[in-house]
Amino acid sequence: MEPQEGKTRFHDFNLAPELMHAIQDLGFPYCTPIQAGVLGFTLKGKDAIGRAQTGTGKTAAFLISIIEQLTQTPPPAERYMGEPRALIIAPTRELVVQIAKDAADLTKYTNLNVMTFVGGMDFDKQLKQLEARHCDILVATPGRLLDFNQRGEVHLDMVEVMVLDEADRMLDMGFIPQVRQIIRQTPHKGERQTLLFSATFTEDVMNLAKQWTTDPSIVEIESLNVASDNVEQHIYAVAGADKYKLLYNLVTDNGWERVMVFANRKDEVRRIEERLVRDGVNAAQLSGDVPQHKRIKTLEGFREGKIRVLVATDVAGRGIHIDGISHVINFTLPEVPDDYVHRIGRTGRAGADGVSISFAGEDDSYQLPAIEEKLGRKISCETPPTHLLRAVVRQTN
């Protein structure tokens, strides 16, 4: 890979050959800004705090750092099967599964074993993987990890590197007491490397970082470039009663094949999905109420194009990395401007063009000024063409 001005190559970090081989297989030529920033510190063993949204390459940043550390340092001569050397804690099941998939891709030429613990999946099945081989990298949600830890199946006293991903989301979801319990089981902060990532640096997040890290390097990637220029943003002013008609007609008139629809509440997500299915659209839903095995099946179906419309809440939609999503529709505007950036970041990934369409009704249009302030620009409100507001003709079997 030729040197290019202003860009850092993975090659420049002198990584282990088996790791470089995996990076080349994935077709990553140059580091993203967060990768270049974080790796410059973490490969020297320093703690780091990174501010970056999903879609910036932060997952690969911390995984490359972990894998390099574990391949360069031999494992302890004696350890239990359930004593991971690296621990990654993330708030949602989808995010854990995605991180583990990326970790499997990056470790394929090494002897490192990656394991996942998530709630909603068979406890015994997860226990069997622990009993079968040593665990090098453990990716887990806080609750399920605590279950294993309290039952004495997992010991965290040999953790060399700990990563807390989406710390702001963990705060929002009330996971911090569980995370504290977990961290108490790991070596003292001066004896392990700690990396913390968050989409926002609130006072609460920085307080946690201070408690859990030692003299960390701070890497901030401006989030504005995540609402990327290749996502065309539209806002339709539409009455709440007309939102479903507009959604249905947009999808079916245009023949869109891979669409993500976001709503703020689980009951809204369920209602939208049920109506779409009733009206003959191949749709599925993702929310905290959907059992894990079904969520994984749903994501696979969406990735493979069997599911046309995926309706999700913000928490469930976080960390979904599926290329080829052509449109994101905000059925309701999010209450937190950061969530708007996250939502529209599901489309226009990997340099592709994408379109986001937001429905602003009487109940949620007041969120617009804060979203525009976050984006640093105005988005003009359009009136939808009348043919897109026509009544939905009920399907007859």
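A Cβ is built for glycine as well, from the same backbone N, Cα and C atoms used for every other residue.
Small disclaimer: the values here were computed from a predicted structure and weren't measured.
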Motif 'Q motif' per Swiss-Prot - which of 8-36, 95-123: 8-36
Annotated range (Swiss-Prot: motif 'DEAD box') out of 133-136, 165-168, 289-292: 165-168
Spatial neighbours of the motif 'DEAD box' (165-168) far in sequence, C-beta under 8 Å, 6+ residues away: 58-59, 62, 88-92, 95, 99, 196-200, 202, 205, 208-209, 318-319
Within the motif 'DEAD box' (165-168), residues counted as helix, strand or coil by DSSP: 2 helix, 0 strand, 2 coil
Tally of DSSP helical, extended and coil residues in the motif 'Q motif' (8-36): 17 helix, 2 strand, 10 coil
CB contacts for Thr56 (ATP binding site) [other CB atoms within 10 A, all chains]: 23
